[in-house]
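Have a look at the structure below before the remarks.
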Amino acid sequence: MQENLKNDKLKIGKYEFDSRFILGSGKYSLELIKSAIEEAKAQIITLALRRANTGEIANILDYIPKNITLLPNTSGARNADEALRIARLSRELGCGELIKIEVISDSRYLLPDNYETIKACELLAKEGFTPLPYMHADLYAARAMRDAGAAAIMPLAAPIGSNKGLCAKEFIQILLNEIDLPIIVDAGIGSPSQACEAMQMGVSAVMVNTAIAEAKDIALMARAFSLAVNAGRVAFLAGVASVSEAKASSPLTGFLRD
């Protein structure tokens with residue numbers, strides 16, 4: 001069993017990772033990012049391009065260890081063309097070809113635009129990027145993103161920053177059943193228990209930002225999420241018991257009654 005766990009890798013395109021916990025960085029102070037990464041034992045961290053501006057005095061890239069894989073996002077893009085421009089700038093800054101596609105034109109609810117995201121997947125894949133689209137958990141859109149070149153699908157669990165948990169659980173389960181790509185739950189996860197629940201479903205990884213950034217002790221909460229993600233993954237591999245009616249866990253006959 002230990003050997004199976006050792007060989008249990010998160011595979012995204014040509015990349016492999018031991019950790020299935022992806023850390024967001026959009027709400028941390030720069031000074032806290034390194035300690036959060038260390039406690040999370042994360043190997044991937046997302047970042048917005050605006051925080052990696054090499055012309056600024058404070059550059060987030062200076063606070064991220066060199067052995068951590070960067071997952072820049074296209075935050076701020078309102079359509080596919082804008083997402084492509086941001087991705088190109090990210091690559092010029094040396095952030096690599098992995099890219100999380102975020103296309104959001106709705107400023108009130110901050111919901112991803114699945115239609116423009118599909119277009120962005122195709123554009124970025126043609127230019128050699130490894131796109132990971134952030135999207136609504138919609139089967140038809142997920143199929144289109146897969147066909148357009150997505151390396152993984154990142155459905156939201158609940159509205160971004162809401163900490164409401166697995167509101168889209170049933171729809172995420174459909175993606176797990178039907179899409180042969182890594183499914184990475186992104187947005188809305190508010191507690192370690194919710195992250196564990198997502199991993200028990202069989203998702204490939206969980207990405208968390210707000211729930212850690214708003215904790216009283218950021219580093220300790222990052223550790224809690226890391227443990228929860230690992231526990232959920234091990235539980236999934238072990239085979240979580242199905243829900244049923246009351247059933248005795250010990251024999252009721254053959255002792256006092258005989």
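Keep in mind that glycine also has a Cβ here, set from the backbone N, Cα and C atoms.
Per Swiss-Prot, the feature active site, schiff-base intermediate with DXP maps to Lys100. For Lys100 (active site, schiff-base intermediate with DXP), the same-chain residues lying six or more positions away in sequence with a CB closer than 8 A to its CB are Thr46, Leu71, Pro72, Asn73, Thr74, Leu132, Pro133, Tyr134, Met154.
Positions annotated as 1-deoxy-D-xylulose 5-phosphate binding site by Swiss-Prot, on the basis of sequence analysis: Gly161, Ala187, Gly188, Asn209, Thr210. Secondary structure from DSSP puts Thr210 (1-deoxy-D-xylulose 5-phosphate binding site) in a helix.
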**Study point:** Lowest local Cβ density (other Cβ within 10 Å) among binding-site residues: Gly161, Gly188
**Key:** Gly161
Review point. With the 1-deoxy-D-xylulose 5-phosphate site defined by Gly161, Ala187, Gly188, Asn209, Thr210, which remaining residues of that chain have Cβ atoms positioned within 8 Å of the Cβ centroid?
Key: Gly24, Ala158, Pro159, Ile160, Ser162, Asn163, Asp186, Ile189, Gly190, Val208, Ala211
Review point. Of all the binding-site residues here, Asn209, Thr210, which one's CB has the most other CB atoms within 10 A?
Key: Asn209
Check your understanding: What are the non-local neighbours of Ala187 (1-deoxy-D-xylulose 5-phosphate binding site), defined as same-chain residues 6+ apart in sequence with CB under 8 A from its CB?
Key -> Tyr134, Leu156, Ala157, Ala158, Pro159, Ile160, Gly161, Met207
